[in-house]
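**Student:** Residues or ranges marked as ATP binding site in TrEMBL: GLY10, SER11, GLY12, LYS13, GLY14, THR15, ARG126, GLY209. Per TrEMBL, the feature region 'NMP' maps to 30-59. TrEMBL lists SER31, ARG36, GLU57, LEU58, VAL59, GLY84, PHE85, PRO86, ARG87, GLN91, ARG161, ARG173 with the feature AMP binding site.
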Amino acid sequence: MNILIFGPNGSGKGTQGSLVKKKYNLAHIESGAIFREHIGGGTELGKKAKSFIDKGELVPDEITIPMILETLKAKGAGGWLLDGFPRNMVQAEKLWDALQKEGMGLDYVIEILLPREVAKNRIMGRRLCVNDNNHPNNIFIDAIKPNGDKCRVCGGDLKTRADDQDEGAIGKRHDIYYDTKTGTLAAAYFYKDLAAKGKTKYIELNGEGTIDSIKETLLAQLA
Ligand code: AMP
């Protein structure tokens, strides 16, 4: 099964994504996490990407698109969940072209809807577990509140991402996400149009529900 997931930063996209990934045993291909691995490993790609990421801007398409398409080919044979890509119209079209060329299907496209102001507050409360990026912790969401100042899943230390605490950078990221002309919502609607033509299935979820209620609605709609 191959799935794309869209949602603004702060919508719980990562949390829902990791639940779906586990249920269907998919490769979780997360563009932001791949960039962070490169930055952590001090690679050339990481060095180039860092300045854009720190400013809340998109890493240029000529770096991002090949990186994702190569990862899909390398890790995606058994099914994938792609998260954080595509982020704009160019990426959306290039991905669709590549899928056609590789003969890969796209079973579902998931969009988590969340008002911009709600998304911003959630980002500022997000905490990352040093042991596992997929351990959800957020000081503003009761269901995933950390245990004191430790990870609620494993008790590990928690840290914040620098770009999560910078309102200017959050604003820029949301400008890109909520842009329905060329930005991420434009990319999502590109796939919504394809779904209307029967080429994929499009699932819309209200991101203001609890993690469990969103999960149930989502799993009920996936085959
Ligand atoms: P995320 O973890 O998804 O919030 O991504 C963190 C940062 O990585 C973003 O703010 C961008 O700077 C960069 N990034 C992630 N995915 C993409 C993408 N598809 N295209 C360009 N830049 C990206």
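Cβ atoms here come from the backbone N, Cα and C positions, even for glycine.
Given the structure is predicted, the values throughout are model-derived calculations rather than measurements.
Map the listed features onto the structure and describe their local environment.
**Tutor:** Remark: GLY14 (ATP binding site) has GLU30, ASP83, ASN133, ASN134, PRO136 as non-local neighbours, by Cβ distance under 8 Å and separation of at least 6 in sequence.
On the 0 to 100 pLDDT scale, the model's mean across the region 'NMP' (30-59) is 93.
Around SER31 (AMP binding site), a 10 Å sphere centred on its CB holds 21 further CB atoms from the protein chains shown.
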**Student:** If you measure every Cα to Cα pair among GLY10, SER11, GLY12, LYS13, GLY14, THR15, ARG126, GLY209, the residues listed for ATP, what is the largest value in Å?
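**Tutor:** For the residues that bind ATP, the greatest Cα distance is 17 Å.
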**Student:** Residues of the same chain, at least six outside the region 'NMP' (30-59), with any C-beta under 8 angstroms of its C-beta?
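**Tutor:** 14, 17, 67-68, 71, 83-85, 87-88, 133, 162-163, 166, 168-173, 176.
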**Student:** Among the binding-site residues VAL59, PHE85, ARG87, GLY209, name every one whose Cβ is found under 6 angstroms from ligand 1, counting any of its atoms.
**Tutor:** VAL59, PHE85, ARG87
**Student:** Might you list, by sequence position, any residue in that chain lying six or more from VAL59 (AMP binding site) with a Cβ less than 8 Å away from its Cβ?
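**Tutor:** For VAL59 (AMP binding site), the qualifying residues are PHE35, LYS48, ALA49, PHE52, ILE53.
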**Student:** Between the binding-site residues SER11, THR15, where is the Cβ count within 10 Å the lowest?
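**Tutor:** Counting other Cβ atoms within 10 Å of each of the binding-site residues SER11, THR15 gives the minimum at THR15.
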